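Have a look at the structure below before the remarks.
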Amino acid sequence: MAATKTTSTSSKTLLSFFLFFNIIINLNISESKLTLDYYKQTCPQFQQIIQQTVTSKQIQSPTTAAATLRLFLHDCLLPNGCDASVLLSSTPFNKAERDNDINLSLPGDSFDLIVRIKTALELSCPNTVSCSDILATATRDLLIMLGGPHYNVYLGRRDGRASVSSFVDGFLPKPSMTMTQIVSIFTKRGFTVEEMVALSGAHTVGFSHCSEISSDIYNNSSGSGSGYNPRFVEGLKKACGDYKKNPTLSVFNDIMTPNKFDNVYFQNLPKGLGVLKSDHGLFSDPSTKPFVERFAKDQDYFFKVFASSMQKLSLLNVQTGRKGEIRRRCDQIN
Ligand code: HEM
């Protein structure tokens, strides 16, 4: 009898324990669940407003797409994830992420695009759409305009309320890092080496400032191991000759098809036509080289891995439910 009672008591305890955790787990799942039609009822014009604003901005300033893609990476790769914290301005009491050295080269056009979209959305559906959902969707739409692959952007992100410049250090890749350090930045955030190489294929579009490559092209450039094609490095030296006087001087990341999202970036690397030291590193490092070779041969496969990796990036550490907020202005917390 006693044994039965103990059993039934413990099974009751077990049951309530199970139910309790089940509720918590379900809450977490439902709270953290992003959906494709999140704004269907609350802001039916969401997709259309983004699409229109993105199209007119990209036609007006064709550098916007690459700029926004890099802005998105620099937001999502930090431990606070895709929370639009990179858009917040510094205050007299706080230096924000966007004022960290690595973010100073993020072009104004990408910030301007988000302001334009947010302004249009606030007029149609006030206090409804997060800046982080705007950034994720605009990035995908711009990639498609350049010829890149489609992927679904899940929605329902909430915006972060903090942005601290010093928290950026160590979480974003720099061309001066070793390939091992760069790979580890991505694997720490849950990406495989193949996904990291695919994402780096983003350098098929956009620019790099001459200051990012000056030490590589003016020192050791033609020495063995630099990775640069000798004629290419002469071209880069000419293009960047005046960079000290004119710090805005930049070069295309993909000299063959600079404005098209394709796999030519990977075809450039074996020929020594990569621009950044880290681009050459992808081909010289044995852990990344096989992926470069595969993507160079097969654009469909590159697009497939790139699209799923972008979707993964867009879901990193997103805040949902009651966490974070829907910012009224993307550059300020409410
Ligand atoms: C693998 C490590 C990476 C390193 C070391 C790196 C570094 C850089 C640097 C130094 C620039 C030049 C910025 C400037 O001078 O304005 C740049 C540009 C760019 N990066 Fe990366 N990057 C890496 C990976 C990625 C990834 C994974 C993405 C996106 C998924 C990305 C997207 C871009 C884009 C689109 C540009 C052009 C920006 C523009 O035209 O304004 N990069 N990157």
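Quick reminder: no glycine exception, Cβ is built from N, Cα and C everywhere.
Record note: TrEMBL gives ASP254, THR257, ASP262 as Ca(2+) 2-binding, and the candidate from THR204, THR288, THR320 in that site is THR204. Recorded disulfide link (TrEMBL): CYS131 to CYS330, out of the candidates CYS240, CYS330. For ASP254 (Ca(2+) 2 binding site), the count of additional Cβ atoms within 10 Å of its Cβ stands at 25 [all protein chains shown]. Comparing the Cα of CYS82 (disulfide bond) with the Cα of every entry in ASP75, GLU97, THR204, ASP254, THR257, these being the binding-site residues, the smallest distance points to ASP75. Counting only same-chain residues six or more apart in sequence, the Cβ atoms lying under 8 angstroms from the Cβ of CYS210 (disulfide bond) belong to ALA239, CYS240, TYR243, PRO247, LEU249, SER250, VAL251. In this structure, none of the recorded positions from ASP75, CYS76, GLY81, CYS210, CYS240, ASP254 has a C-beta falling under 6 Å of any atom of ligand 1. Minimal Cβ crowding within 10 Å, among the disulfide-bonded residues CYS125, CYS131, is found at CYS125. Checking each of the recorded positions (CYS43, HIS74, GLY81, GLU97, CYS125) against HIS203 (heme b binding site), the C-alpha distance stays within 10 Å for none of them.
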